[in-house]
């Protein structure tokens, strides 16, 4: 450290000053001796007496200080000693000596080259007692001290001297104290100050742990120090630090954390303010009280709920206080005989919680609603009575013609803590006539080798007049894979044609006007052993009889297959009171033959849908969003994750709340239809949900939606080959349906779905119906909506639908595809379309439509349905076009495509017309002749100038004839210029 010393050497006195600023003493240094701080004389021992001399001066702050100097440079063999007083070492083991001094350059003193020195020696001696007599040999040399800078005569003249600072280590020291000694051997030196100190690691707080002053033990190792936690904190990991020999703290390990109700602020743990809390020990900060809670004092670990607000026992303190929800709203009941479906809306006020559930309280009431009692334990709730998470429940097994009141409680996690009354909504209903209860016992009366006679008691609760009983039986070993159903009017029956020595399983259920009751439990009975054997004398007779029977059966089956009269089951009358039906898996099927079964023939739609569709667990279905609304409810997109299978995207149709039984039957009917189809161009049914609400139909998800919307969105973006590929897929799907004997009735581009690979699939089977046994027979509808613009003339006129009428609709779909989703007959009303089609008007070819495709459209639009191609032929035609793309380059001529006009399939030669009447007859608009007779448009020349408004004035108001006449007029103009043009 360089400072400047201004000194006056006069009569042994000097004044010291320093032009530089002194650094403050570090906090980790503890002084044992500092000569500058001693008031008065230092009193150190100087030997010999004419050696070191104590003088007074002032420092840079003009504070008086005592210093020692010596300058015996003229004499040889100088040995001047200066010893300090005894210095206690306290706890130090290693001490540091800091010397500040000035030293005269020997070269600046004349005649002293042989005797002048520029160094002095530093010594020390340990001692347990002070007052020890000075003896040179007892001291141990620490070091020889030399000046970094010395002063000259010139410096003396300027009174500016340079101050040197040197620090030396001493130790380890073991005794209670020590002396320092300075030996001069002939230098001109002044000791400005002497400071003796040791280093310590000072008190500090680290990681909320306090570490005390610590003195290093030796010069080699670190001292491990255990910290103690500050107030209102506790150890998380034991806090430790290491004190180095340089008095520095190193390597903090572990820490303390503030207690609950306190947070770290600097080096302390401070209590949370009112309105804030901290629930647990740790480094977290105090948090503001959650809604509807507060604190009034410092250091709170949780917040108290406001009046009428609560926090459940397991709720974390950070959760807002809540209250019970309000009552459910908009309760709707849908009664079905002795069951009821209850639907309701969520409470307006959830109380601030999401864990809302619903409990159903059932009460059976007399005609006076106030006189009620709890319902019988036999009443069932689906999915359950308590803890419902959805807003619907089905209640079954109610008594017929009985009043019930249902109270729907809304509860959440704090409802049990609240004292206010229950929050519920109530609805009262009266049940209708119910199906009969099960037959409880079946008794075996007689048994033979091939028959069993059974009897049973009427159900305990018939709930009406028993119409008949259904007896279902099958061989036990077949496990219900093939069963027989027999109907009986009484409570007994004899089943014959059984196998000897065979166990059969029987179930019986009763039927009333309200429908079938549930099946009885299963009863097992065994026929008698077979004691009959074929002897030698009659074996040939038996073999002939068996052969004849087999031949008759085979012939009967073949006949049924050829005429298409096989209906899935065999009927035969056994008596006036019994009917027998035999099923294989519910329907008898022949290898290689797949026939569509109309689900509407089933009395119970649920039985039909379970026959053809897979029941899904609603928990495996997740709904993402609502994408539209259908006839029966919402249409959603979502995901289906079946066990051991990959999650797939699906479309979900739901049955709306408050449905009628007919709507439910139609809804499940559509699923029963789809479930019978398995073709890459038919929408695939993934399954149904009928055992929970809402009921759902789950199908594969088609990313691009309906074909018409998709084409409009991507107008003119596909090649002709791509469009033909789409059409080929639709035709292939329709061929599959036709082969199954199935009529769609609503084939349109809006009912074709397209996926991301541009694969088209037929969908929407809401209007579909089954064909009769004759493949060319028609199903006559009983009314309902018909899509006029897509429907064939015979279907519009006579309500008769066949596969040929589907071919007509396919022609319209073909037109929609080639026009990129335009609406057919877009400028015409439905009535105009019906009249125009009946008069043989047809849609014009779309822009740039290949002639081969337009010809296929016209073939599909033949008035005689027998002249239309079959779907098999359409698939073949499209395959040929795909294999020969050059044939698609021939575009329909402009002459055959008047702009925005319908095109008559008949070619009219205008040159053959001589009068207006001939012309109108040629266009099949003879009914307009009387209108034009007697008016100014009585000749071809005058009528060529007619406009649409002019036709309306004279009475031609139907759009079809209007457009036909205008089209022919344009052709007439072309004829007058270029010759005849076909129209």
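The backbone N, Cα and C atoms fix where each Cβ goes, glycine too.
Checked against Swiss-Prot, the range among 493-516, 517-540, 541-564 recorded as transmembrane segment is 541-564.
390 is the residue among 390, 704 that Swiss-Prot labels N-linked glycosylation site. Counting residues of the domain 'Fibronectin type-III 2' (435-530) by DSSP class, helix then strand then coil, yields 3 helix, 46 strand, 47 coil.
Note on the domain 'SAM' (911-975): mean pLDDT across this stretch is 57.
Here the CA atom of residue 602 (phosphotyrosine) lies 29 Å from the CA atom of residue 701 (phosphotyrosine).
The Cβ of residue 701 (phosphotyrosine) has 19 neighbouring Cβ atoms from other residues within 10 Å, across all protein chains displayed. When the Cα atoms are compared, residue 596 (phosphotyrosine) and residue 602 (phosphotyrosine) turn out to be 13 Å apart. Long-range Cβ contacts of residue 602 (phosphotyrosine) within its own chain (separation 6+, distance under 8 Å): 608, 611, 672.
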